[in-house]
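Student: There's a structure below that I have some questions on.
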Amino acid sequence: MNKVALYCRPGFEKECAAEITDKAGQIGVYGFSRVKEGSGYVIFECYQEGDADKIARDVDFRGLIFARQLFVCGELLKNLPPEDRITPIIDQLKGSTEKAGELRVEVADTNESKELLKFCRKFTVPLRNQLRKEKILLKVENYSRPVIHVFFIAPGCCYVGYSYSFNNSPFYMGIPRLKFPADAPSRSTLKLEEAFHVFIPYEEWEERLASGMSAVDLGACPGGWTYQLVKRSMMVHAVDNGPMAPSLMETGQVRHHQADGFKFEPTSKNITWLVCDMVEKPAKVAALMTTWIVNEWCREAIFNLKLPMKKRYEEVAHILDKIRAELAEKGINAKIQAKHLYHDREEITVHIQNIWAAYRPDREF
């Protein structure tokens, strides 16, 4: 198996391909991408045998912006016989992986592929049973073992392979399944909820998304992102010239500042979270977020950067490099992650954690 399959949002295949080519080159792996626009996936074929596995191990999946999932795969299996689709899949997996902990039979995130989902669910059960008989899959799911992926791109056609649990997306199809809360002011609330799932390990939620923390939401109106903070019992400074949802104001957890998000400065030093979803040039938003981190006005920030029409990966990489350079120049040790989330469209979501910023327990509000 000398290929890597990557899932992405349909329409962003070129960005996904540019990114994996760049990241693979950084670890000395070279190859070429097969891209079909609108397909929702990319196949990166390595020149050297064994390099696909190296990518799966050594290219930090959490560091990829446009990929929703990454796994090693072999040649496309075509025209699987309806009377026995399982044997060719088993044959391709033999010798590639053993004692895997999980099976995922998946499709791309397109309207055409979603018609295959019903089949995938039915096919999973007999395939899982046979994989266990062949000892390719453990009898009991084990989330610390490799994951087997069977990725159908059309009826009877699939890529088969594996990913490592320490370097993949834990979500089926790489998409967190979130339900829109009926009382949320806008659907944008799902962006921030997804960002929490993607950027913050669940075991750290109790500490890093704790009740009673203070937060600032820049460009808050009508309150989609503020809703997520309030739901976690945080006290929120909502900054926007527009109106906030009355339901949020009635909680007593929100203070509305009718001001420009680019000019607002906090008066207290107890802000843990800064969130920002403003429609503005990405470089301007990035500069604002950098200022907040440098001044230690917050400990962690999640914000959106609107994507340009052309060279989207290159522009985003440039902006993120600039943030890293400015923070390093100021002696700030920060962890930066960025992802084109499922609930993002023409933007990406960025997370910055100031590792050395001490949380101050005083809670002025």
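The backbone N, Cα and C atoms fix where each Cβ goes, glycine too.
Pulled these features from Swiss-Prot for this protein:
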- K306: active site, proton acceptor (ACT_SITE)
- S188, C221, P222, G223, G224, D240, D260, D277: S-adenosyl-L-methionine binding site (BINDING)
Student: Whose Cβ, among the binding-site residues G223, D277, has more other Cβ atoms within 10 Å than any of the rest?
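Tutor: Within the set of binding-site residues, the most crowded position is G223.
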Student: Return only the integer: C-alpha distance in Å from K306 (active site, proton acceptor) to D277 (S-adenosyl-L-methionine binding site).
Tutor: 9
Student: In this structure, which of the binding-site residues D240, D260 has the fewest other Cβ atoms within 10 Å of its Cβ?
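Tutor: Minimum Cβ neighbour count within 10 Å, taken over the binding-site residues D240, D260, occurs at D260.
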Student: Might you list, by sequence position, any residue in that chain lying six or more from G224 (S-adenosyl-L-methionine binding site) with a Cβ less than 8 Å away from its Cβ?
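Tutor: Listed in sequence order: A184, P185, S186, R187, S188, T189, K191, L192, D277.
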Student: Over the residue list S188, C221, P222, G223, G224, D240, D260, D277, recorded for S-adenosyl-L-methionine, what is the maximum interresidue Cα distance in Å?
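Tutor: It comes out at 20 Å between the most distant Cα atoms.
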Student: So, in DSSP terms, is P222 (S-adenosyl-L-methionine binding site) helix, strand, or coil?
Tutor: coil
Student: Measure from the Cβ of C221 (S-adenosyl-L-methionine binding site) and count the other Cβ atoms within 10 Å, all protein chains considered.
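Tutor: I get 19 for this one.
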Student: Tell me whether the residue listed as 'active site, proton acceptor' sits in a helix, a strand or coil according to DSSP.
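Tutor: Its secondary structure by DSSP: strand.
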